[in-house]
Amino acid sequence: MAEMFYDDDADLSTITGKKVAVLGFGSQGHAHALSLRDSGVDVVVGLKEGSKSRAKAEEQGLTVLTPFEASKAADVIMVLVPDHLQRGLYAEAIEPNLTAGKALFFSHGFNIRFGYIKPPADVDVVMVAPKGPGHLVRREYVDGRGVPVIVAVEQDATGQAWALALAYAKAIGGLRAGGIKTTFTEETETDLFGEQAVLCGGASALVQTGFEVLTEAGYQPEVAYFECLHELKLIVDLMYEGGIAKQRWSVSDTAEWGDYVSGPRVIDASVKERMKDVLKDIQDGTFARNFIEDQDAGAPKFKELRAKAEQHPIEATGRELRKLMAWVKSDDSDYVEGSAAR
């Protein structure tokens, strides 16, 4: 069983006596900065000149500096910008100011695990990663609850890295729900695998392929959309609330029987072997290398794949059908988790 941490395991004074720089003010950045401040931590936000987020942070009463200035002023530096931008930010703003005894924090271990960022030996390297989107992290904090976090220490130069990690997790409300001890390697590899094989890649491919099978068999695209994509939320919500068992308990006997007899025909042993291949590419660095090389070249392959995916017939069908659904929010103007390449 995983080792767990709760509020009583952390001393908030470990971090309230330090200045924390939160670099980035997107979904996680705003949640971390505001909750740290409300927990009594001295917070500054690091954003580039001209960033659209500067005004948002200042409106919340936060002090905004450039990433370089924020990193220089801080004892603790939390990096909350997209993975492929962290290397450049580190070289330009963090590394020149990463003096002995400081702490470098992440919410995902990608750049440490794959060696794109190599901090000096005399600083702490820590991860505090809420297992939920930023708006939920902030809402739960305000409501006196919290979103579970995972916590890791890659480098404990000061002997206080774990105490600081737990204090930070407590300050954003995470230990109200519970913190799980992990490592940078475990977090990074499992996170990437989940995204690629199940949550994003696996689910997207399954939905698209199901839609194709039905429409190629002569069924109407609108009906195929409902059966293969729209109703997925109903099933996932049941899993979210009570696991696969609750989903099976809640659906009809017909659906449950189909689950047992047909699910393994689609996701069979050969699929499991290919999932293992995906994991191997993550573990040996192949995925990270291909991703970073493409990003460094201006993301040509990434943009090509995105454009191709957006042309899939399921997208046009969905756009029309969602016009019938008054309860579905279609405006994405305030969506801040998305790609920096858009």
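The backbone N, Cα and C atoms fix where each Cβ goes, glycine too.
Residues or ranges marked as domain 'KARI N-terminal Rossmann' by Swiss-Prot: 2-182.
Annotated NADP(+) binding site per Swiss-Prot: PHE25, GLY26, SER27, GLN28, LYS48, SER51, SER53, ASP83, HIS84, LEU85, GLN86, GLY134, in sequence order. Secondary structure at PHE25 (NADP(+) binding site), taken from DSSP and collapsed to helix, strand or coil, is coil.
The DSSP secondary structure for HIS108 (active site) is coil. Under the heading active site, Swiss-Prot lists HIS108, citing sequence analysis as support.
DSSP assignment over the domain 'KARI C-terminal knotted' (183-328) gives 122 helix, 0 strand, 24 coil. Sequence annotations record features per position, and here Swiss-Prot assigns domain 'KARI C-terminal knotted' to 183-328.
According to Swiss-Prot, the feature Mg(2+) 1 binding site maps to ASP191, GLU195. Shown in sequence order, GLY201 are the residues of the chain, 6+ apart in sequence, with a C-beta less than 8 angstroms from the C-beta of GLU195 (Mg(2+) 1 binding site).
What Swiss-Prot records for ASP191, GLU227, GLU231 is Mg(2+) 2 binding site. Cβ neighbours of ASP191 (Mg(2+) 1 binding site) (same chain, under 8 Å, six or more residues apart in sequence): HIS108, GLY109.
Here Swiss-Prot flags SER252 as substrate binding site, drawing on sequence analysis.
Shown in sequence order, the list is empty: the chain has no residue 6+ apart in sequence with a C-beta less than 8 angstroms from the C-beta of GLU231 (Mg(2+) 2 binding site). Spacing of GLU227 (Mg(2+) 2 binding site) relative to SER53 (NADP(+) binding site) is 39 Å (Cα to Cα, whole number).
Applying an 8 A CB threshold to same-chain residues 6+ apart, the list for PHE25 (NADP(+) binding site) reads ALA33, VAL45, LEU47, SER51, SER53, ARG54, LYS56, ALA57, LEU80.
DSSP assigns LYS48 (NADP(+) binding site) to coil in the three-state reduction, placing it in neither a helix nor a strand. Secondary structure from DSSP puts SER53 (NADP(+) binding site) in a helix. The shortest Cα-Cα distance between SER252 (substrate binding site) and any of the binding-site residues LYS48, HIS84, GLN86 is the one to HIS84.
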